[in-house]
Amino acid sequence: MDVRLLGDCGKMVPKSMLRRRRSESVEIGNTNCEVNSEENEGVLIPCLLNIWGVMLFLRIAWVVAQAGIGLSVIIVFLSAIVCVITTLSLSAICTNGQLQGGGVYYLVSRSLGAEFGASVGILFAFANAVAASMNTIGFCDSLNHLLKTHGLKIVDNDVNDIRIVGAVALLVMCVICAIGMDWETKAQNFLIVVIVVAIINYIVGALIGPSSDVERAKGFVGINLQTIRENWLPNFRYSEGREHDFFSVFAVYFPAVTGVQAGANICGDLKNPAVAIPKGTLLALAISVTSYFTMVILSGMGALRDASGNVANLTTAALESCKPHCGYGLHNNYAIMQLMSAWGPFIYAGCWAATLSTALTNLLSVPRLIQALGVDRIYPGLIFFSKPYGRHGEPYRGYVLTFFVSLLFLLIANLNAIAPLITNFYLASYALINFCTFHAAFVHQINWRPTFRYYNKWLSLAGFLMCASIMMIISWAMALTTMFVFMTLYLLVLYRKPDVSWGSSTEGQRYQDTVSFITELSHRVTHSRSYNPQLLVLAGTPLQRPALIDVAHMLTKIGSFMIVADITDTALTKGERVSRQHIGEQFVKYRKLRAFYVLLQGLDLKRGANALMQASGLGKLSPNILLIGFKKDWTNAEHKQISDYYGVIQDAFDLKLAVTILRVPGTSQTVQRWRWTPRVVSEPNNFELVMHTQVLALMNSDSDLEDDDQAIDDDSDKLIDSENQLSNETSSSEQNPESIGGEALRSANFSRTSRRKLSNGALSFRALSFNCKQYVDAWWLYEDGGLNILLPYIIARRGYKHKLPLRIFAITKEQHKREFENKCMESLLKKFRIEYTELTLVRGIGDAPPESSWKMFNNIINDFKSEEKTDILTSEAELKSQYSKTSRHLRLRNLLLQHSTKAAIVIITLPLPRKVSASLYMAWLEVLSRDLPPVLFVRGNDSCVLDA
């Protein structure tokens, strides 16, 4: 059976189900694979109906009256140039992959990113809503004129009638759009015929000339050289509240050529958009611009600027003698086209067809654009208006919002006042479209492969600059207001940081810049002033050791980063790995860490840590500090575990990394609750699923890889089920799917209770917490390059939400010169710009420790004695040779208990693991950290990290 792809899950459905009308497009965010339109119906007619609007029949004559034939031709030509360049840029964007609903918003957001796309999307939605008002006002103006010619009125035959009729018309059109536009495609051909016949009707009438003296008296004198000479040059006048000039008239005219984006809105419906969009849009522009040129020239050649309407004297001088209070002529009569046409009533029909069809199109597009923004969750305030209703997913709330916005501007009831506002927003949108194409082509992103080739990045840049310049010339105040609104919307999205990634050229530019910076950084000579702590944190699954993450975050949250490593000696399945990786990344995101989560499988702790210490990072952005947790159960652990743990510390020093070890008592941690997004894998893009399945429909996957890939790629609609399980199917369809999420939690060594809570999307963990009145105690025992004093300073001054008082305890060489050494140490710390609360030079480090300390030490080490020293076990000979060091550590323990039992955290210089057994070294760390607040052992690699 012939099948096609449809819907948001990439499901295979019969081809017969695809035969739905374009007007039955449902949710904006979904992939719609519907019946393809031919170029003439899909692009040409919608573009013509959007371009031929209110200006065609109600303002062309006024433009000629103000600017003259010469400048009017230039205005039409300049508008056409802007639209042609924008069309070429638009064609390139539309043919660089498949598009969804959302029109200009979708184009810009997927090309330049959510910040630009959402901002210009709001501007474009606003412009379309106001354009609906403008076209409705045009319809009401024409209706008012018709009623006036028959001596009829509703209230005053002026602005109040426009407001009454316009409000009713807007309401009716919104209801029609909400109910459904199934008849729209059929009606398009009829409407276009009405407009074309109306244009021909005007041309024929203008060529034939006036049929009565009444027409001559009202300014229609027929084509003659004298009229051409008089109307060739501009005659800018004060009109409707302002003095006009070239660009003010351009601002009124420009909405006449907007509508080139109509093809982009239905790009997904076309068989060959690379041909249909440029061909249809450029052909529509050529036809519409030709019709505007024709009407401009005929208006200037056949009608006077001013006429009195007095049939008693038909000389030109007599007709123009009424200036500046004439009632007829190009300047004064917006409905002069009815006068010049072969049959006046048909001009009304053409005007209504043009205005109402354009207004309907605008009213139909705005709610769907708002729905697209809501579905992408860019602006929270728009989510309410994006809710779909009915089987077609109609945004009824969006229609209500659009109605009130359009109604607000309809109350202005002045076409010339609204047109410049729309021009400003349309020019801003067109500028962004041109900039999108330029930026994408300039960045040379690998996914920039438009099938439309007839574009040029520098031409697109010229189009951007042209639109921006025209905006400023028309009204610098309005241009700055538009820019302010745009920047406000942009910064709002930038601040919210929506969780979206669309492969935009901005992301491509950011990636290229990042690679360039990292490469350049790798070639620079490192200076101590540029030192930043870059941590490799052996945290395992982050939920198991959150205190390690907390301390690492304190050290890296300003200007640095950490790599959170999860090492497991178990060989994970693909599903287990994906799920475990997802849990780790979710935790990093939830805690807002500057961190990268890395999962290493199939290696024990020592080999895995060694591999990470050598290979993790990029160039100078590689870890320079290893942070691990203290192995509190080492006295009961297997000897291999102790050996691996000790080996990690030795390897780190051998590889010139600084080493930090954290020991945290349970009482120092507070329970926090983490509610994570219970997904096993992130949802793939609908189009990616569609395209991948289409490829698989044509090609077989490599048989050697089929068993591996089948788990994820067998059925895209089984990626996420109701219990957050990933189907782990093999090539045999008879196997039952496994709950990979559960396997990952079991492999991560969570308790059964924790696994149950996490499977429900919530889990409690203990976070490290300090009292802002407690001290940070730094025991600076040995010189290691300054890291032992730098890290406490970072934690005390920048790591916690409140600044913590820092106390420094130091041991100097000359203990008998206490006062002199104290001054020297103060001077040294001042030179290093280390702020501290209290400085204490420790005395008595060489004194004998009390007997109770030796008893505690012996109780710890007794189980690890042997006749001969090994890598793990100690001997009496080693204990004797290391007696002085052990004694010093025991004495230091007494000093720590004396001074730092109430500290928030204690930072101590880590002893070097030189020529000492693993058990003896662990015993030293045990006695130094037992019965104390959180203890962080720190030892630098003798590289200077402090600079005067």
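Cβ atoms are placed via backbone N, Cα and C, with glycine included.
Unlike curated records, TrEMBL annotations are generated automatically.
The shown structure was predicted, so the numbers you read here are calculated from the model rather than taken from an experiment.
Annotated transmembrane segment per TrEMBL: 43-62 (among others), in sequence order. Sequence-distant contacts of the transmembrane segment (43-62), counting only residues of its own chain at least 6 positions beyond either end whose CB sits under 8 Å from a CB of the stretch, comprise 37, 131, 134-135, 137-139, 141-142, 188-189, 191-192, 195, 198-199, 252-253, 255-260, 262-263, 265-266, 270, 276-277, 279-281, 283-285, 287-288, 291-292, 295-296, 299, 303, 330-331, 333-337, 347, 350-351, 354-355, 357-358, 361, 415-416, 419.
Per TrEMBL, transmembrane segment is recorded for 69-93 (among others).
Positions annotated as transmembrane segment by TrEMBL: 116-140 (among others). Outside the transmembrane segment (116-140), and at least 6 residues removed from its termini, the chain residues within Cβ reach (under 8 Å) are 53-55, 57-58, 102-110, 161-162, 165-166, 169-170, 173, 255, 258, 351-352, 354-356, 358-359, 362-363, 365-366, 369-370, 372-373, 376, 378-379, 402, 405-410, 412-415, 418-419, 421-422, 425-426, 428-429, 432, 436, 482, 485-487, 489-490, 493, 506.
According to TrEMBL, the transmembrane segment annotation covers 161-181 (among others).
Sequence-distant neighbours of the transmembrane segment (187-208) (same chain, 6+ residues past either end, Cβ-Cβ under 8 Å): 41, 45-46, 48-49, 52, 56-57, 223, 291, 294-295, 298-299, 301-302, 337, 340-343, 346-347, 349-351, 353-354, 357. The transmembrane segment annotation in TrEMBL covers 187-208 (among others).
TrEMBL lists 281-304 (among others) with the feature transmembrane segment.
Taken from TrEMBL, the feature transmembrane segment applies to 346-364 (among others).
What TrEMBL lists as transmembrane segment is 399-419 (among others).
The transmembrane segment annotation in TrEMBL covers 425-446 (among others).
Annotation comment: TrEMBL describes 458-491 (among others) as transmembrane segment. Within the same chain, residues 81-82, 85-86, 88-89, 92, 115-116, 118-120, 122-123, 247-248, 250-251, 420-421, 423-425, 427-428, 430-432, 434-435, 437-438, 441 sit at least 6 positions outside the transmembrane segment (458-491) and bring their C-beta atoms closer than 8 Å to a C-beta of that stretch.
Here TrEMBL flags 545-946 as domain 'SLC12A transporter C-terminal'.
Annotated compositional bias 'Polar residues' per TrEMBL: 724-738, in sequence order.
The annotation region 'Disordered' is assigned in TrEMBL to 724-748.
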Legend entry - Folded-back contacts onto the transmembrane segment (161-181), same chain, C-beta under 8 angstroms, at least six residues removed: 23, 132-133, 136-137, 139-141, 143-144, 147, 153-155, 356, 359-360, 363-364, 367, 392, 394, 396, 399-400, 402-403, 406-407, 410-411, 413
Inset, instruction - For the transmembrane segment (399-419), find every same-chain residue at least 6 residues outside the stretch whose CB is under 8 Å from a CB in it, and list them. - result: 54-55, 58-59, 126, 129-130, 132-134, 136-138, 140-141, 159, 162-163, 166-167, 170-171, 174, 177-178, 239-241, 251-255, 363, 366-367, 370, 385
Legend entry - Other parts of the chain folded back onto the transmembrane segment (69-93), taken as Cβ under 8 Å at six or more residues beyond its ends: 63, 107, 111, 228, 231-234, 246, 249-250, 253-254, 256-258, 260-261, 263-264, 274, 277-278, 281-282, 285, 289, 292-293, 296-297, 300-301, 427, 430, 433-434, 436-438, 440-441, 450, 452, 454-456, 459-460, 462-463, 466-467, 470
